[in-house]
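The structure appears below as C-alpha cells.
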C-alpha cells in the first residue's frame, strides 16, 4: 500500500549553503509532508466524535497522541486523560490512544465494565498482528524501539514470552535467542529509519538468519517526514521542528536534520519557544513538524519568522500523502 508519490524537491540551491546567501536575503524552507498523519487524524477525530456522540466526560488512556496542544485542547472540551484503567469510573467510556495497548489493558477495561473505543493506529495494529503471528510460530521476536514508549509496551504485551526489546544498536550485544534459525525483527513505527537499519545490521551480524518483517513497520508518515527533512537540511542554517518532547517521531526529526547537514536544529511546541538568538546570522530556516502536530502551530512559527524578516517561504515537497483511515466502527456513521 503506497500513500505517497515522489515529487521534485525543487529547492533553489545557494552556492555553498544557506549562510552564503546575500545579506538580507532570508528564506524559509517548509517541508512537505509534515504534521498530521492518517493515524493521528483518525485518533483525534475519534475523540472529537466520541464527545459529540456521548458528551463529556470521556476518558482517554495515556495521551491520545503525543502533542501538548492537542491534549490541552481536548482537556478543555471535557476529555479526562488517565494513566491506567483503574482511574476510570466503572461503566464509563474509555478511548485507547493511537499508540495501542496490550491484551492485558483490554482485559482490565472489561473487568471494570468500561465501554471502550480503540483509536489505535491501523499501522500499529499491523505490528501487533505480526507479533502474535510469529509468537504462534514460536519465533524469538526482536522488537526495535524505545523502552517505556506506549507503543512498544502494547506490542510487547501481545507476546511477552517471545518479545525482546532492542533499544538501538548499543543494545544488540545483550540479545539472546533460543534458536538462531527462528528470529525476526519488528519495530516501533516512529523510529529513525537510518538508526533502525543500523540496529538491524548489527543484529544480522550476530544472527545471520534474522528475518525481516513481512512489510515495513516504520510507518509511511515517519519515513516521509524524515525524507523531506533530509532534502532541505543541507541548505539550512537552522531547522525548527514543531513537536512535543515526548513525541518519538518529532525528536527523530531533530536528529535527522542534524545528521543531514543542518547547522542547528531545535524542537518547540509553540512559536513562543523560539529563541530569537537562534536566528542570529541565519539566512535559511527549515521548518517541519511531527506527525501529531496540528498545522496551526506551524503557522505560528512561520508568522514569527516573518516578523524577523523571513518573508520568502519555499515549499520542499518530497511526497504527497493521500491515505485516510476509517474511524472505529462505533463512530463511522458520525464522520462527515
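Cβ atoms are placed via backbone N, Cα and C, with glycine included.
The [4Fe-4S] cluster binding site annotation in Swiss-Prot covers 37, 121, 219. Swiss-Prot lists 66, 99, 149, 189, 247, 248, 249, 292 with the feature (2E)-4-hydroxy-3-methylbut-2-enyl diphosphate binding site. Sequence annotations record features per position, and here Swiss-Prot assigns dimethylallyl diphosphate binding site to 66, 99, 149, 247, 248, 249, 292 based on sequence analysis. If you look up Swiss-Prot, you'll see 66, 99, 149, 247, 248, 249, 292 marked as isopentenyl diphosphate binding site, on the strength of sequence analysis. What Swiss-Prot lists as active site, proton donor is 151, and the listing cites sequence analysis.
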Check: same-chain CB within 8 A of dimethylallyl diphosphate site center, minus 66, 99, 149, 247, 248, 249, 292: 65, 151, 190, 246, 250, 290, 291
At the level of the C-alpha atoms, what whole-angstrom distance separates residue 37 ([4Fe-4S] cluster binding site) and residue 99 ((2E)-4-hydroxy-3-methylbut-2-enyl diphosphate binding site)? 13
Spatial neighbours of residue 219 ([4Fe-4S] cluster binding site) among the recorded positions 99, 151, 189, 247, 248, 292, defined as Cα within 10 A: which are they? 189
Whole-number Å only: compute the distance from the Cα of residue 247 ((2E)-4-hydroxy-3-methylbut-2-enyl diphosphate binding site) to the Cα of the residue listed as 'active site, proton donor'. 11
For isopentenyl diphosphate, with binding residues 66, 99, 149, 247, 248, 249, 292 per the record, max Cα distance (Å, no decimals) returned as 15
Cβ-centroid neighbours of [4Fe-4S] cluster site 37, 121, 219, 8 Å, sequence order: 38, 39, 40, 98, 123, 124, 189, 190, 220, 221, 222, 291
List the same-chain residues at least 6 positions away in sequence whose Cβ sits under 8 Å from the Cβ of residue 292 ((2E)-4-hydroxy-3-methylbut-2-enyl diphosphate binding site), in sequence order, or say none. 36, 37, 40, 65, 66, 67, 70, 98, 243, 244, 247, 249, 250
Return the residues near residue 121 ([4Fe-4S] cluster binding site) by Cβ distance under 8 Å, restricted to its own chain and a separation of at least 6 in sequence. 38, 39, 40, 42, 43, 98, 99, 100, 189, 219, 325
To the nearest whole angstrom, what is the C-alpha distance linking the residue listed as 'active site, proton donor' and residue 248 ((2E)-4-hydroxy-3-methylbut-2-enyl diphosphate binding site)? 10
